Amino acid sequence: MEVNLSKLERPPQGQVFLALFNLLPLRITLLMGICIFLYNHGLSNWMHEILQTRGLGAERAGYWASIPTLIGILGALFIPRMALPNLRFWILAGLFIIAGTSVILLKSYSEPIILIGLALKGITQGSMMTILLLILMEIPQVGFRYAGSAGGMFFAAAEIGGVLGPLSLGLLSDYDEGFQSGLTMLSLVCIILVVLVFLLKILLTPQQHGILTQK
């Protein structure tokens with residue numbers, strides 16, 4: 001049975017944003033979005049320079065820096081398809097662990113290890129955000145009715161990480177004249193993401209189970 005969205009009464013938009021922000025699962029999701037953008041934008045924007053500090057020439061570093069993007073296209077096509085509702089939290093946690101591992105490998109000066117790190121970065125690049133958005137839309141209080149508002153809040157918050165990522169890596173690179181501190185910071189961000197995804201799982205699983213039993 002189709003629902004006529006135009007006939008649904010909606011409260012003022014400001015009230016909608018406030019009500020959504022009061023949801024703990026949504027606030028955790030917003031924080032995770034900030035962390036993912038911080039990781040993705042920070043690492044992607046400085047990848048060329050990071051590779052140069054590992055001994056690669058400018059031209060070669062440019063080619064290598066494109067590896068995560070190429071692999072990320074394939075990853076974004078296949079990984080979200082495997083993220084069935086009962087597997088999403090586990091797959092997302094696995095992606096965060098892979099992301100943290102890739103950062104650690106990029107601290108190496110061994111070219112084979114760096115290549116593995118770049119490949120792992122590509123696997124996570126497009127999939128983390130896609131799966132997190134699926135989880136966001138499945139928060140019971142969000143649903144189809146407030147999906148647009150929640151999505152707008154999500155990307156508005158995530159862009160904070162999009163700014164902080166490149167900025168923080170740049171500042172840390174000036175501090176230690178390299179990227180070791182910046183990469184360590186990104187690995188800590190990935191650890192935070194793993195903790196947050198399991199916290200989100202604990203909060204949402206009983207709610208989603210309750211909805212299914214009501215049906």
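Counting starts with 1 at the first residue shown.
Glycine is treated like the rest: Cβ placed from N, Cα and C.
Residues or ranges marked as transmembrane segment in TrEMBL: 16-41 (among others).
Residues annotated as transmembrane segment in TrEMBL: 61-80 (among others).
According to TrEMBL, the transmembrane segment annotation covers 87-106 (among others).
Here the transmembrane segment (112-136) has long-range neighbours at 26, 29, 32-33, 36-37, 40, 43-44, 51, 54, 64-65, 67-76, 79-80, 83, 88-89, 91-92, 95-96, 98-99, 101-106, 142, 150-151, 154, 158, 200, 204, meaning same-chain residues at least 6 beyond its ends whose C-beta is under 8 angstroms from one of its own. The transmembrane segment annotation in TrEMBL covers 112-136 (among others).
The transmembrane segment feature in TrEMBL is assigned to 148-171 (among others).
Residues or ranges marked as transmembrane segment in TrEMBL: 183-204 (among others).
Here the transmembrane segment (183-204) touches the transmembrane segment (16-41). Their Cβ atoms form 3 or more pairs under 8 Å, with each pair 6 or more residues apart. Counted over residue pairs separated by six or more positions, the transmembrane segment (148-171) shares fewer than 3 Cβ pairs under 8 angstroms with the transmembrane segment (61-80), which leaves the two as not touching. Outside the transmembrane segment (16-41), and at least 6 residues removed from its termini, the chain residues within Cβ reach (under 8 Å) are 10, 99, 103, 125, 128-129, 132, 135-136, 139, 141-142, 146, 149-150, 153-155, 157-166, 168, 186, 189-190, 192-193, 196-197, 199-200, 203-204, 207.
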